[in-house]
Amino acid sequence: MEKKNYAARAAIYAMGLVILAAGITMNIKTGLGVSTIISVPFAISSIWDVNFSLVTFATYALFVVIEMIIKGSDRTVIDWLQIPFSIVFSLLLNMFSKLLDFSFGHLWQNALYLAAAIICTGAGMSMMIAMKFVPNPADGLAQAIGKAFGKNMGFGKNILDTSCVAIACVIGLLFDKRIIGIGIGTVAAMLLVGRCVAVFDHFFKDRMKSAAGLAE
C-alpha cells in the first residue's frame, strides 16, 4: 500500500465535485431535460419559483436522512459529512447556473452541449468515487438501497433514478398540469453517465488512486 497523499486526494476530490456540478448545470441549460437526480428539485423550483440550489440542498439532505435510516447501526460519522457536502454542492450549482447562463438556438448545438454535460458528470463522479472520501448523497443512498436488496450500487441507482423521475412527473402533473424538466436529455443521462464513469475509470482510476496513495 502506498503512503496516502491527502493533499492530492483532496484536490482530486474537489476537482471532481466542481466538474460534477458543472456537468449537472450544463444538462439543465441544454433545455433537453435535466439529469435524473435533480429532476425533483428542478420541478419544485420551476413551479413555485424557489431557489434551485436551495431545493437541491433540501433534497440531498433528505437523501442523507433516508440513507441513515436504511443503514441503521451501520452508519458512520463520515456518512453525516454528506450534509456539509450538500451545502457546498448547492453553492456550486448556484455559481455555475450564473456562469453558464446561456443557451443555443439549434438542436445539434444543444446535443453537443448535452454530450459535454454527460461527459463532465461521469468524469466528476469517477474522480469523487475513486477518492473514497465523502460520497455524493445520491450515490450514498443508491449504495444503501442496493445493499438493502442484496444487490450492487448500480441496482440501487436504477431504483433511485426511476423514483426521482416518477416523483418529478407526478409533481409537475399535479401542480402545473405538465411534465417539467424530463426529456431526451434525462434519458440520455440515465443511459450514458454510467458508461462515461466506466470509461473514465478505465483510463484514469489507477492513476488517480496512485497519486492519492490509495493504490494497493
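Residue positions begin at 1 at the first shown residue.
Including glycine, each Cβ sits where the backbone N, Cα and C put it.
Any TrEMBL annotation is an automated prediction that lacks curation.
Copied from TrEMBL, the annotated features are:
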type	residues	note
TRANSMEM	12-44	transmembrane segment
TRANSMEM	50-70	transmembrane segment
TRANSMEM	77-96	transmembrane segment
TRANSMEM	111-134	transmembrane segment
TRANSMEM	155-174	transmembrane segment
TRANSMEM	180-200	transmembrane segment
The recorded stretch from 12-44, 50-70, 77-96, 155-174, 180-200 sharing the largest number of CB pairs under 8 A with the transmembrane segment (111-134) is 12-44
With the greatest number of Cβ pairs under 8 Å to the transmembrane segment (155-174), the stretch among 12-44, 50-70, 77-96, 180-200 is 12-44
Lying 6 or more residues past either end of the transmembrane segment (180-200) yet within Cβ distance under 8 Å of it, the residues of that chain are 27-28, 30-36, 39, 42-43, 46-47, 114, 117-119, 121-123, 125-127, 129, 154, 157, 161, 165, 168-169, 171-172
For the transmembrane segment (12-44), the distant same-chain contacts (Cβ-Cβ under 8 Å, at least six residues beyond its ends) come to 50, 52, 55-56, 58-59, 85, 88-89, 92-93, 95-97, 100-104, 110-111, 113-114, 116-128, 130-131, 133-134, 136, 138, 160-161, 164-165, 167-168, 171-172, 180-190, 193, 208, 211-212
Tertiary contacts of the transmembrane segment (50-70), defined by C-beta under 8 angstroms and 6+ residue spacing from its ends, are 38, 40-42, 44, 79-80, 82-83, 85-87, 89-91, 93-94, 97, 137-138, 140-141, 144-145, 148
Same-chain residues at least 6 beyond the ends of the transmembrane segment (77-96) with a Cβ under 8 Å from one of its Cβ atoms are 17-18, 20-22, 24-26, 51-54, 56-57, 60-61, 63-64, 67-68, 71, 133-137, 140
